[in-house]
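Take a look at the structure below.
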Amino acid sequence: MSRHEEIPLVSRYEDAAMSSFDRKSGAAHNVWLQELGEMEEEGDHRFNRHRAPLFERAKKPHVFTADQRKRMDGYESIDFFEAQSLIYKDHLRAVKSEPRWVKWAVYVAVGMSTGLWACVLFQTLDFLSNARRSVVETIVNNRNDEKGTTGVGVHLTTSGIRMDAFLYGYGTMLLWAIVGCLLSSLCCLIMPSAAGSGVPDVMAYLNGVMFPLIFNVRTLVVKTASCILAVSSGLPGGVEGPMIHIGALIGAGLPSGRSRSMGFSNRFLSMFRNAKDTRDFITAGAACGITSAFSSPIGGLLFVMEEVATFFPVKLSWMVFVSALACMCTMQLVNTYLQGWKYNSFAPADGNFADTAITMFRTQFQEFHSIPLNILTFVPTIVTGIALGLLSVVFVLGNQRVNRFRARNIFPKPLFRVLEPALFVSVYMSCCYLVPLAFSCKPIPPMIKENAETLGIELWTAFCPDRENEFHPLATLTLTNSYNVIRSLFVRNAADLFPWHALLIYQAIYTIGAMYGGGMFTSIGVVIPTIVMGAIGGRLLGVAFNEPTWADPGVISLVGAAAYFGGLSRLTFSLVVIMMEITNDLTHMSCMMVGIIIAKTVADQFCHSLYHSILEMKCVPFLPVANSLHKLDTYSAKDIMTEKVVILKTIESFQRIVEVLRTTKHNCFPVVSVADGKRYRGLLQRKQLELLLWYIYFRDTDPCTRTVSTGFYSSNSLTPMQLKEHASYADLKKVEDRIYWERLAAIPNVESLPAETTTAFVDLNPYVDVAALYVRDVMCLSRAYSMFQNMALRHLPVLNRHNFVVGIITRKNFVEDRMHERIDAAAMKSKEAKRSSSIKRRQAHPREE
């Protein structure tokens, strides 16, 4: 028996004429690649814009420059669905289905793990924040209480703070902030994928775009450490955005049961190591992230459904809800008895959960503090929605400009990238510490003094001579943590708690700080800063109205927080539920809804949402649910498809497969019948071809594993004998695991294989996805887009009426500005064809004189 007959998957069925045809076809495809590159460069020249426009309405597509398109071409899409090949169907018949309770148990485990991880993060953050404030207050109070005359009696403010007290307190806070930011950015230097909030990255993944290393276990550890250090240092940021990414990280890693970084693998959970289950668990983890950040399970579910996840069926919503419920119960149980890693002595002894563990920013109290809804409250609500909608536009546009400057001038240099947060926080904390010294203290309102513990607020008294009865309003805003600031701004029946000048000054400082700080090389988010800025603006407008009966500053502050958040994120119903759950305020829910809708409508007229603007800046080929292009039904799939396609036949030469993999970067290839070389049979993923090559390589180098091959089979099913002569699904999985653990290259060194192998032919029939979706060339563009986006596809072949492949559509074909460009080109081509046809008719039938 000859050697090539011992190699599975191969056959010499094809004659020399077929080999000659393959060589010609391969040369033609190489020429096509060169022509395609020239055509794309020519198309990019038309859109060679050096600078993006300042204002872009949300309904208008973002236009990418030529450089941005090159960056976009570097992203790869994700195959969420398993190829419905013959070997896969045979595998499904052979294996037993896993018990249904296993998946539900894993979802509960994801929720509990996210809740416990969030507890570690928040408890550590509370401990460090309280320690920072305690150290600074102790130093200032002790130094200010000392008596002496040698240069220590100089006062800087009317409140009487001494020079040495000021210097020691300022130096301590500045040193704490600089060291924390420096360590945070150094953490991100270890894993750059941990920088930023991570929410846009999770959105892109769930939309079908792969980001490298965003779900690595090292990213989880580094992101947690960086977030704790950055937020505790005093940067104007929050942990809510990073918590969404952390939850998604846990959802991606825990159910897979393996980690190459930790050298761990669990065979029991191998059933979940596929793209579809991974996507669902990441969705659940992201919902648990927002749940743990706000103790808002329903809001977390709706937030993921509205903003983060693209594919969200009803069955998945049940599992995500159970996961969020497990996360919330875990968080509430731990936070009831622990505060800053200290036992909570005020925890209820009867087993009840603490109110602070249930509601983050409680606004309704039965004893006091309750304000009924007044019809006139909608007047300041409308004003607040318009004003804060415009303010959110300023924030988004400013943050865009800063991040573009940072991407050009700071991020390319690692030293600047690491030092920027430390330099920025030194300026920001200097403003927060020095500016309050220009203003005096004021008496603590009696209602606040009596109920401060119930309200959960802390006032800054270190700059005041009478610390028992006075506090500093501006220092309370600038020098306490963001959660205390929000609770203080939501206080009701205390219109004189913060004067207008303190609110206005802090609004300017915090907005500029958050606008610049969002996007630095640290792990911080903008959710809490969004609520802070909205609450400040709302309370400032409430103070301006000066009507405590129907425009209480605390109520308008709540409306402002919701409106600003809505203008920034363009969330609607999920935001209403989140704000309702974190404040326990049902009374003014209608006001929040009105404010959110108005702010969203105003912001839509000027720019895209913050997260989508970040995706555009990263040049991610994100496909929204609603396409902004009009009259798509008037165009068809052939207008935007890529006309030249790299095609494989059901029986291909080994050399041809290697050539295609080495000369192209395509991740999927239409497969046509070997009989005529035209009729469509299905799709074959690049990954499958690579696994096949490695399988042949391993079998050829290990003689004990060889079996006999009897040729190829083109039937719709394979007999048991025939299946033994091909690589089974389990065989390819073993090869994939070996590649994963040994970090092997994508393609083996085929030059070391014998000539009998490299000149043989490979039967691809058992590995072709015969159920892959395709469209006709005359299908309207709106239906093609809906199919591609809703089904989370990666490739969409285009066939003509003869079932021949005439083109292919990928994610980048559906990017709005490219689709607009191709539609314009198709329209121009159609007009030129009509004009040419009209000229020919006139020439053929000239008018008689």
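Every residue gets a Cβ built from N, Cα and C, even glycine.
Unlike curated records, TrEMBL annotations are generated automatically.
Annotated features, as they stand in TrEMBL:
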COMPBIAS  826-835  compositional bias 'Basic and acidic residues'
COMPBIAS  837-849  compositional bias 'Basic residues'
DOMAIN    641-701  domain 'CBS'
DOMAIN    764-825  domain 'CBS'
REGION    826-849  region 'Disordered'
TRANSMEM  104-125  transmembrane segment
TRANSMEM  167-190  transmembrane segment
TRANSMEM  202-221  transmembrane segment
TRANSMEM  281-304  transmembrane segment
TRANSMEM  316-338  transmembrane segment
TRANSMEM  375-397  transmembrane segment
TRANSMEM  418-439  transmembrane segment
TRANSMEM  497-517  transmembrane segment
TRANSMEM  524-545  transmembrane segment
TRANSMEM  557-580  transmembrane segment
- Item | Annotated stretches the transmembrane segment (281-304) and the transmembrane segment (375-397) touching (3 or more Cβ pairs under 8 Å) | no
- Per Cβ pairs under 8 Å, the stretch of 167-190, 375-397, 557-580 packing most closely against the transmembrane segment (497-517): 375-397
- Would you kindly list the residues that approach the transmembrane segment (524-545) from elsewhere in its chain, counting only those six or more residues past its ends and only Cβ-Cβ distances under 8 Å? 196-197, 199, 227, 230-231, 235-244, 293, 380, 383-384, 387-388, 391, 395, 477, 482-483, 485-486, 489-490, 495, 498-500, 503-504, 506-507, 510-511, 514, 517-518, 551-565, 568-569, 610
- Quick tally over 104-125, 202-221, 375-397, 557-580 of CB pairs under 8 Å to the transmembrane segment (316-338) gives the top stretch as 104-125
- Task: Give, as a single whole number between 0 and 100, the mean pLDDT over the domain 'CBS' (641-701).
- Result: 90
- Query: By Cβ distance under 8 Å, which residues at least 6 away from the ends of the transmembrane segment (104-125) in the same chain are close to it?
  - Reply: 224, 227-228, 231-232, 239, 243, 246-247, 250-251, 254-255, 269, 272, 281, 284-285, 288-289, 291-293, 319-320, 322-331, 334-335, 338-341
- Under the DSSP assignment, what numbers of helix, strand and coil residues are found in the domain 'CBS' (764-825)? 27 helix, 16 strand, 19 coil
- Message: Going by DSSP assignments with H, G and I as helix and E and B as strand, what are the residue counts for the compositional bias 'Basic and acidic residues' (826-835)?
- Response: 10 helix, 0 strand, 0 coil
- Query: For the domain 'CBS' (641-701), what does DSSP give as the number of helix, strand and coil residues?
  - Reply: 26 helix, 18 strand, 17 coil
